[in-house]
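The repeat 'PPR' annotation in TrEMBL covers 20-54, 55-89, 90-124.
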Amino acid sequence: DLETALYYRKRMIKENIRLDDVAYTALISGLCREGQSVDAEKMLREMLSVGLKPDNGTYTMIINEFCKKGDVKTGSKLLKEMQRDGHVPCVVTYNVLMNGYCKLGQTKNANMLLNAMLNVGVVPDDITYNILLEGHCRNGNPQDVFTLRSAKGLVL
């Protein structure tokens, strides 16, 4: 369980035993499963401070947790951070953040994220379009998805 894992992490640090990226990722995953997005981000910061590099999946877990809580601002900040650190986010990472924007009614931000995604060569998938369609329908403007599709030459 998470509490035990965190206890052993403290013990290992106290005894100068260095955790590896797998251990940090497991702890971050556990924190995210428990809805502890702030603690998961703190663990990410600790991981970075000891010179370990989280992968896309680790960042995506944390971004997803913040977005589930409606904190797309932090999710977006983490996306920019991972890009700055040399990661190329995958379609899943973009979808997670896009879904967060759409659930808050911020479809313009979701559209801008789609454009950013396309600009770096990440190809949208069916889930991307479903997220956008649902978000635009919820806001009463489903035609915007089709306008976007036509403007970008995309196929639904």
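Positions of Cβ are set from backbone N, Cα and C atoms, glycine also.
Residue counts for the repeat 'PPR' (20-54) under DSSP, split into helix (H, G, I), strand (E, B) and coil, are 26 helix, 0 strand, 9 coil.
DSSP labels the residues of the repeat 'PPR' (90-124) in these numbers: 26 helix, 0 strand, 9 coil.
Each residue in the repeat 'PPR' (55-89) gets a DSSP state, and the totals come to 26 helix, 0 strand, 9 coil. Averaged over the repeat 'PPR' (20-54), the predicted model reaches a pLDDT of 95.
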